[in-house]
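Quick look at what TrEMBL lists:
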type	residues	note
TRANSMEM	A:21-42	transmembrane segment
TRANSMEM	A:82-106	transmembrane segment
DOMAIN	A:83-275	domain 'ABC transmembrane type-1'
TRANSMEM	A:118-140	transmembrane segment
TRANSMEM	A:152-174	transmembrane segment
TRANSMEM	A:195-220	transmembrane segment
TRANSMEM	A:254-274	transmembrane segment
Amino acid sequence: MATPSRPVPVLFRPLPKGGRLLKHLLLIGFGLVMLYPLLWMVSSSLKPEELIFRQPGLWPSEVTLDNYVDGWTALKHPFGYYLWNSAVVTALSVVANLVACSLAAYAFARLGFPLKKLWFAVMLGTIMLPHHVVIVPQYIMFSKLGLINTIWPLVMPKILATDAFFVFLMVQFIRTLPRELDEAAEIDGAGYWRTFYRVVMPLCLPALATTAIFTFIWTWNDFLSQLLYLNNPDNFTVPVALRTFLDSSGESSWGPMFAMSIVALGPIFGFFLAGQKYLIRGVATTGLK
Amino acid sequence: MADTVAVERRAKASGPVTGGSRTTERKRREARAAYLFLAPWFVGLFVITIGPILASLYLSFTDYSLLEEAKWVGFDNYVKMFTEDPRFVSSLKVTTIYVVVSVPLQLAFALALALVLDRGLRGLPIYRSIFYLPSLLGGSVAIAILWRKVFGAEGLVNAVLGVFGIQGPGWVSDPDYALGTLILLHVWTFGAPMIIFLAGLRQIPSSYYEAASVDGAGRLRQFRSITLPLLTPIIFFNLVLEVIKSFQSFTQSFIVSNGSGGPADSTLFYTLYLYLKGFKNYDMGYAAAMAWVLLLIIAGLTGVNFLASKYWVFYGDSK
């Protein structure tokens, strides 16, 4: 009699072939339903205006770039002008966050100082703080300083490391690096500053990449602050400019609005494709969105 | 060679060579360096965060419009909110419904998909990316604009329904359905919690499942007795995070209703009403009071979540 073979754990037993195929079919179907609105927006942006709502299908029977041409010039400035404004705000925010948050994170992760535990707890507390609690006084402050319609209200908080999420992310990351490296650098005569930017920062590249990508996406998408602080069409960024489409064109010109929405989503989509690894890892380890 | 130089330099830098004072001097130097590294953060903490929090507490007891001096009115703003302002009450109701319905739904989808994708399914990275993409885009103005059109009277949904001969309502312009479309938009962004769930599932040792199946436990039983309990800390984490986040949703409600919260205030989120009060009516004292109520609500919800977690969240070491 043959000895009974050990049972394969139920969860690992491969599904029967048909079952596996069914699972994939269901997943693909579900994915299609989820992405359908996005795909529909892309295809609609390529259709002549009058066809958009008569065809729920994806394949345009007639392809035209008119919507892009019309949308690009529909507002006070060509759309590229708003893209540039957004790019400036976003680039400054990314640089500011990288520098300010990593400086603070190094101190929390590696240096001893009085009341460290208290300040660390305060820093964690500010992560949970709803932004709306501070917007009224912040707005008053920036308006008294005459900084409405400048980029300072948008960039200043980043220069001052108020995105505590990223400080925390980097503290966690630096803590995983072996301390012997710091000590070796110190023996070689490096001060704190040199240790920070010659030893610790180069090893932090993954955390810095996550910070950069998320800062990019959040700033590019951010609507509330830009709506509050930029009221002059000459300073509009992409989200605020897109919003004026709703006012100026009412319900009629959806084609150009879709076209410019796709232009607005383009950079995020690009970063998504390029930085997937860091995005997924960032979400998985810290719960960033 | 280099070593002796370094030691000499350190000796010089740390002054007298008596053991005790050298370490205190070193500590002092380290603390000084730390405060320099933290300088931007400290300035930000006081100027951008703590200062404004206190200022907004003060403003909440005043009548203030940016142009005139603030006038002390005591608890008037808070009393008015709950007794004389039906729009405030309705915004609170709308937001509560939104959070209570959309967060559990979103997490249920996230967990279900994470379970399907777990354990060696081929093509996992592709599926994961597809389901995650909406989370990245979901908060943007462009997607809110799209949503407005997908659920418009002449939108995608009605065009699809039309194929089956059904005449759908104008979803975003009907007070009965408008909030539903925003809930759907939130559920659509289940990818981020899904990834957190996937990471959590990966932490569960496969030996548990092996042991269970040797004991004859079926798939369902394994899920109920192993997966679910071991996943409760992650579910809890996602729950706290999503409740806090969704209570502060703004962009979707603003764009879908074009800044009005309509139709009939059915999409008037709390934060949108706060914005309208503070920055359209310039009733900044009132807006500050609303901000503090929001802070208390969120702190309260988080507290309740933590207290309740004792009864359902399973931490490995507690048994």
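Backbone N, Cα and C atoms are what each Cβ position is placed from, and that goes for glycine too.
Quick caveat, the model's predicted, so the values are computed rather than measured.
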Same-chain residues near the transmembrane segment (A:82-106), Cβ under 8 Å, at least 6 residues beyond its ends: 75, 123, 151, 154-155, 158-161, 163, 166-171, 173-174, 196, 200-201, 204, 208, 211-212, 215-216, 219-220, 226, 235-241, 263
Intrachain neighbours beyond the transmembrane segment (A:21-42), with Cβ under 8 angstroms and 6 or more residues off its ends: 15, 56, 58, 258, 261-262
Beyond the flanks of the transmembrane segment (A:195-220) by 6 or more, those residues with Cβ under 8 Å of it: 86, 89-90, 93-94, 97-98, 101-103, 106, 110, 154, 158, 163, 166, 169-170, 173-174, 177, 181-182, 185-186, 238, 267-268, 271, 275, 278-279, 281-282, 288
